[in-house]
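Structure first, then comments.
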Amino acid sequence: MRVRGALQAAALLASALWASPLLAKDHPDFKTTKLDTQPNNLNYFQGSDTILFHDPHKANLWRSDDAGATWSVVKDIPDGKVARLYMHDFDPKRAFAITDGRKHYRTTDQGKTWKKFEINAEWDTERYDILHFHATDPDRIIFNGLNCLGFLCEEVSLYTIDGFDTPAKPLRPDTLGCWWAKSNALFTTGDSDLDKDRILCIIMGVDSIFTEDRRLVISDDFFKADKEGNIQEFEPNLAGDKPVRGVVNVAAVKRYFMVATTSANTDEMALFISTDTKKWQRAMFPNAHDDHDHKIVQEAYTVLESTNYSIQLNVMTGSKSQPMGIMFTSNYDGTYFTENLEYTNLNMYGHVDFEKIAGIQGIFLVNKVDNGKDVDEKPSTKKKLVSEITFDDGRTFEKVTADGKRIHLHSVTELNNVGRVFSSPAPGLVMANGNTGDYLEDYWDANLYVSDDAGKTWKKALKGPHKYEFGDQGSILVAVRDSKEEDVSEISYSLDHGENWVEEKLPDDLKIQPWILTTTPDSTTLQFVLIGKAKGAWQVIHIDFEALHEATCKDSDMEEWHARVDKDGESTCIMGHTQTFPRRKKDAKCFLKKEFKLAEVETKDCDCTDQDYECDYSFERNDKGNCVSKGPIPIPEGACKDGDKNGKFMGTSGYRKIPGNTCKDTKDTKDKYKDVERSCGDGIGAPPEEATGELQQVDTKGKFGHWTQWEKHYLERGESSSDSSETIIMRGKNRTVDDSGPKAGPIWRTTDHGKTWEKIDFFKDEEVISIVPHPTVKDWVFFLTEGKKLIYTPDRGKRFRTFDVPQPADLEAAANGIFPLIFHPDKPNWLIWLGKKCESKNDCYRVAYGTKDGERWETLARDVYRCEFTGAEAYGRKYANRALEQILCLKHEKEGASDSALQLVSSNDWFNKDEKVRLKDAKEFATMAEFIVVATEDTEKKTLRAHASLDGGLYSEAKFPFGFEVPHQHAYTVLDSSTHAVNLFVATKMEGDKSLGTILKSNSNGTSYVVSVKNVNCDQYFYVDFEKMVGLEGVALVNVVANPDAKSSAPQKLQTKITHNDGAQWAYLPTPSKDEFGRFPCSSSGTEKCALHIQGYTQRRDRGKTYSSEGAVGVMFGWGNVGDSLGPLKDADTFMTTDAGITWKRVKKGRWNWALGDQGSIIVMVPIRGQKTDTLEYSLDQGATWKKHTFSKEKVDIWDLTTTRSGNSQNFLIWGENSDGLFTTKIDFTKFTDHVCKYDPENLGKSDYQIFSPKHPLQPDGCLFGHVSQYLRKKPGLKCFNDFRLDPLYSKQNCTCTRSDFECDFNYELDNHGQCALVKGLKPQDPKLWCKEHPDEIEYYEPTGYRRIPLTTCQGGADFEKQAAVHPCPGHEDDFERKHRISGIAIFFAVVLPVAAASAIGWWVYRNWDGKFGQIRLGEQGASTMEFFDADRPWVKYPVIALSAVVALAGAMPLVLAAIWRTAKNTAQRFGVGGGGRGGWSRLDGGGASRTFRTRDSFARGRGDYTIVDEDEGELLGEESDEEV
């Protein structure tokens, strides 16, 4: 078997030139070449006898120009330099030898000569498409590589239009791969100029390294920049009218361009198709069946060998350990797919048992899993594979038979050769290894079978499995027995289509273990190459059958072979036409000897019949064979535009002609399959019902029973989700102190946001102690039991699967925050399980196990405290040593000694061979964005030390600022940080619930810190009064202790402060204006004596709630009061802001719960729990006006008000209790809208959106962190709704750099004039450290006292870091001298011209000055050379320090997945209080548990807000608040 083409497992070999036979022989000629190492990546130059292969061990290239008879090492390339060989995809004379450096080699004459060329980048060992070729111009090539500085790497793309005759040029920054639009000869944009130049690139998101923010851009002039520096490019509207984020892959398939996208919260991918790169459409798949899904998930789809007229796709279903799939075929446009076959067989690499019969249209072989449903339900079930064949491109399938018996064939998933698996261009000739019987058996029990009618009938050829090839267009078949040993001494060949076989001994009594048997890709020659292993060496055996026959075939030796015939032998139709090939007769004694020329096919179209049609999109065949509707159907463009659901359009009959079928329409088929009249209401994207303004509600009462709390989990959708459902999984629970009474009720599921609820019967006999949604892929939910069984759903509760973990969970550790199940941020199947293993009753320890599929578990480490995945695709691309598989563990130094000190160990290979101790005396660690922060203990001083790492390997100790004295550091809390710096809270005063501390801000590598804000309030568990405004950069609230030095008996005086520039300055909140509820006790713009103060995180009962929503940018709510300090919680009112905290208003007297929907255009409020009500209030204009709605006939106690965390839904859910027990009420606002909002940048008056740009009250230019951000906000009062895939961030424009973009450097602090001055008694940090940390840099600057804020994106302007003297780095003095050498012309421009200009200006001033020296006019400001540094200027008065904000939706990586256990809210012993819909937690223990980490909001986008690292005793936290939810 062989895999040629798509799999690219190895390239193909060629054969020798024909020569006129001088003398007939009765055996082939052999020539043998012995090699020390295994040949790799053998490639023929198309249409020739020239072969190349790569020797990876000695890093050389070998070449043969006589079909493998003789070989020599390529001499033009230095010995030992070749790392990879690439053949040009479209030029049969070109190849490229890539080295490990930046100097590479190319040939344009089939390897005779090689020329060196240089690329200003290194090759990326992890990607295959390093070189991307233009389909029609062989000189146009894109190089996708890397630029690395130490362990920091960035991807780059360069291009050449002259085949590297001149140096390649970079395309644009931040690329993740680029492709020519003309990547396939069949593809065209419809414009020859665009075909020539158009390039598509995947680029990084704006200030983001995360996959879900990546974008696709297109350029037609190589991404050139204009005079202002703007790159000439555009984002294509993949979604029809708007671009789509999260682009992960681009592929050119025949006449189609395919783009795959992903998004947060789901592993589903969206597939967009274009036939010209101008107009794009999302690929549509039919509705899912009951037993399998139709969505495309990450790493779970394979583009099969498609045709010129459709795309064939296999979508994986089932588990990774036992993968299966569904095969689909698209329509002509590639947008609507129909199902061909379910339960196709594939392996864990995505290879599918599928192959087309070469050269014949519509025929392919597949293997399917006959017991697929059983395997899907229980992945440990062994697959039973059967083989089938289709002759109508997948519309129908038949059994494969030999002599009347069914046979099954080994296919692509069991490769044992190179090239195509079954067939070759030899017309109708097919070979395969297989067996008779019910199912496919072991490969080594197979026999060789042959078919000469394109797979219709088969016959047994040779006993045992073989490697095989075709020659001379099928005139000769060659096979060699496959073996596990070096015991093969002969080959077999047949000259009559496999009827008879001749054995031929290998020369010199040679015995080999065969590796590959191959010939030219077109199978037109008589020369073959056999490679095998013998006695520790590799034998390359050239086999030449040229002289077996003297004759060259004549016309009388040829026959017309029809691809398909009827019972009378007459040609019948395949795909609407007959196919006839000229072929040598089976018994003819001759060879064709037509080297590199394929047989020409003759086709003739047939009249259409029913067999030429298949079910169209959204239709399936019923039991009678008719195509019936299974879902909405496509509406033609331009139809149903008037919004009338009862309107009509001409739509599909339910049938379509099979794509690629060329049959001629007849009158009968035209009438039978013509379009029919359809109702607009039945179509995809049917017009919605007219907006009536009616508020709908659905009550669910009396079915949930009596419980003391809810446990509920919203399963958020991703932007790439095709499913529009709003799924919630929930159950009632009792918060019991002892074991009396039931702990939890049945598990319920809704897919329509609470309109209907179904009880999940799967759990009828299961005792689930914890429900845990996957933190980054919300389609997956895990259900933990007390034993070894773990239950999960990969599709939001549609199906459930189980697997066993190696050991039960350590429930005691789980109650203390060590969650047993750890997830990988990118790979939902990758899990770590912390199990409790006991040698005896009193001898138990924790073991970490790892799996990639839930079926096979391996021991990672013993005696561990906890482990975490720290590898991620986003960070692995940036930090070379941070592998995707990287795992960190806290592990006891001595196995078996649980009282021994912990050490931080890491592994980049699941602890197979790589295990390194990184830090000793480790106490805890946390991951936050790209940073890994670790606390270690100084055992002598009994204090903690903080360390940080970017790559998981190198850890540097944190340097705290001078004057920040904490004699004994006992607790750190990692706050929600930006993606470029660490926010670290350090407790400075620990007095129970009167504790406080300082927030410190790091530099870009997490090691050097400056003070951001002091005296920040925290509680005894080191939760901090810190609240970030979700979705905005740099806006955060803190509560500070105004009387930090007061006696412990005195009450704390808390005051709220806000930052709009990431901690550069903090200000009090302004008081609202007088409102309908009366006056406030004072009024001001925000002063120490009078301001608005908001209750902080430590006062919050439900710590899963947030004050803002990621979808409603700039909107925030809070409970608080006006005065000189924060008052009691019971006296608080409800306030809100719509402009990111610049102004506030009171919306309700007293405390109300709120929820935001439709990206903030809908606000719903209800009284808090304990205040019975029958009414809710809502606003459709961001709180300007409010309306009431009575939702209940009786007053009820509302426990919670929820909607989706993203804030994109128009539905809300009230959770409460009435006389019948627990109830839910769905509040539905969909009747208020009837179409999707549109943004029209050309006509803002007609646009449904207005632009909101966050401002800083003291920075009028609007620049925050070096840029101006603009967000879309729906105009009030419109009857449109926001698409849930809408990205609120509309644009971001960089500003020039000013003082605001720099903060004080290490050992510098702000003086009284607002300047960064050196701290008295200290020295600046040694600037030579810059050279040490950046070995490729040639120079360093003396310290200026300033450093660039990590978050800023400013460009140009002032650079405060580089305004002092510059010096060469050690070892780079010559480079420095060359860079700074001054020429004579430079001296002229630098000295002579300025002096002359100064003289001229002085003369002009003397003549025109209208005042005298010393005169100052009223109303004028005196000029000063230091005016820029004037202390009153905002950029001087408020230097940016940058706190903890993140770009909208960036969040932070999961900090400590121990927190997920707390998210579960329950253990077998005790259950806590239910959480909220905006990220509410479930946890194992209701109270009394000592916990190591604190983290909240850790499941938003898979990243958390903050985590405590450690406290004095090694367990940071004390008793947990009973009020925590």
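Glycine too: its Cβ is placed from the backbone N, Cα and C atoms.
Per Swiss-Prot, the features are:
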type: SIGNAL; residues: 1-24; note: signal peptide
type: TOPO_DOM; residues: 25-1384; note: topological domain 'Lumenal'
type: REPEAT; residues: 62-72; note: repeat 'BNR 1'
type: REPEAT; residues: 105-116; note: repeat 'BNR 2'
type: CARBOHYD; residues: Asn308; note: N-linked glycosylation site
type: REPEAT; residues: 449-460; note: repeat 'BNR 3'
type: REPEAT; residues: 493-502; note: repeat 'BNR 4'
type: CARBOHYD; residues: Asn734; note: N-linked glycosylation site
type: REPEAT; residues: 748-759; note: repeat 'BNR 5'
type: CARBOHYD; residues: Asn1005; note: N-linked glycosylation site
type: REPEAT; residues: 1135-1145; note: repeat 'BNR 6'
type: REPEAT; residues: 1178-1188; note: repeat 'BNR 7'
type: CARBOHYD; residues: Asn1294; note: N-linked glycosylation site
type: TRANSMEM; residues: 1385-1405; note: transmembrane segment
type: TOPO_DOM; residues: 1406-1439; note: topological domain 'Cytoplasmic'
type: TRANSMEM; residues: 1440-1460; note: transmembrane segment
type: TOPO_DOM; residues: 1461-1525; note: topological domain 'Lumenal'
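Feature map: annotations from Swiss-Prot on the structure.
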residue : record                      : Cβ within 10 Å
Asn308  : N-linked glycosylation site : 12
Asn734  : N-linked glycosylation site : 17
Asn1005 : N-linked glycosylation site : 19
Asn1294 : N-linked glycosylation site : 16
Q) Distance between Asn734 (N-linked glycosylation site) and Asn1005 (N-linked glycosylation site) at the Cα atoms, whole Å? A) 46
Q. Other than its close neighbours in sequence, what residues sit by the repeat 'BNR 4' (493-502), given a CB gap under 8 Å and a spacing of at least six beyond its ends?
A. 28, 429, 431, 450, 452, 459, 461-462, 474-479, 545, 548, 586-587, 589
Q) Which residues of the same chain, at least 6 past either end of the repeat 'BNR 5' (748-759), have a Cβ under 8 Å from a Cβ in it? A) 698, 700, 703-704, 725-731, 796-797, 1209, 1211, 1213, 1224-1226, 1228
Q) Could you state the CA-to-CA distance between Asn1005 (N-linked glycosylation site) and Asn1294 (N-linked glycosylation site) to the nearest Å? A) 23
**Q.** DSSP residue counts for the repeat 'BNR 2' (105-116), split into helix, strand and coil
**A.** 0 helix, 5 strand, 7 coil
Q: Write out how many residues of the repeat 'BNR 6' (1135-1145) are helix, how many strand and how many coil, based on DSSP.
A: 0 helix, 4 strand, 7 coil
(Q) What residues elsewhere in the chain lie close to the repeat 'BNR 6' (1135-1145), defined as a C-beta under 8 angstroms and at least 6 residues from its ends? (A) 1029, 1032, 1035, 1037, 1058, 1060, 1069-1073, 1075, 1092, 1094, 1113-1120, 1154, 1182-1183, 1252, 1254-1255, 1257
Q.
Going by DSSP assignments with H, G and I as helix and E and B as strand, what are the residue counts for the repeat 'BNR 3' (449-460)?
A. 0 helix, 6 strand, 6 coil
Q. In the repeat 'BNR 4' (493-502), how many residues does DSSP put in helix, strand and coil?
A. 0 helix, 3 strand, 7 coil
Q: Take the C-alpha atoms of Asn1294 (N-linked glycosylation site) and Asn308 (N-linked glycosylation site) and report the distance between them in angstrom, rounded.
A: 45
Q | Assigned conformation of Asn734 (N-linked glycosylation site) - DSSP reduced to three states | A | coil
**Q.** Collapsed DSSP category at Asn1005 (N-linked glycosylation site)
**A.** coil
Q. In DSSP terms, helix, strand or coil for Asn308 (N-linked glycosylation site)?
A. coil
Q. Tally of helix, strand and coil residues over the repeat 'BNR 1' (62-72) according to DSSP?
A. 0 helix, 4 strand, 7 coil
Q | Secondary structure content of the repeat 'BNR 7' (1178-1188), with strand meaning DSSP E or B | A | 0 helix, 4 strand, 7 coil
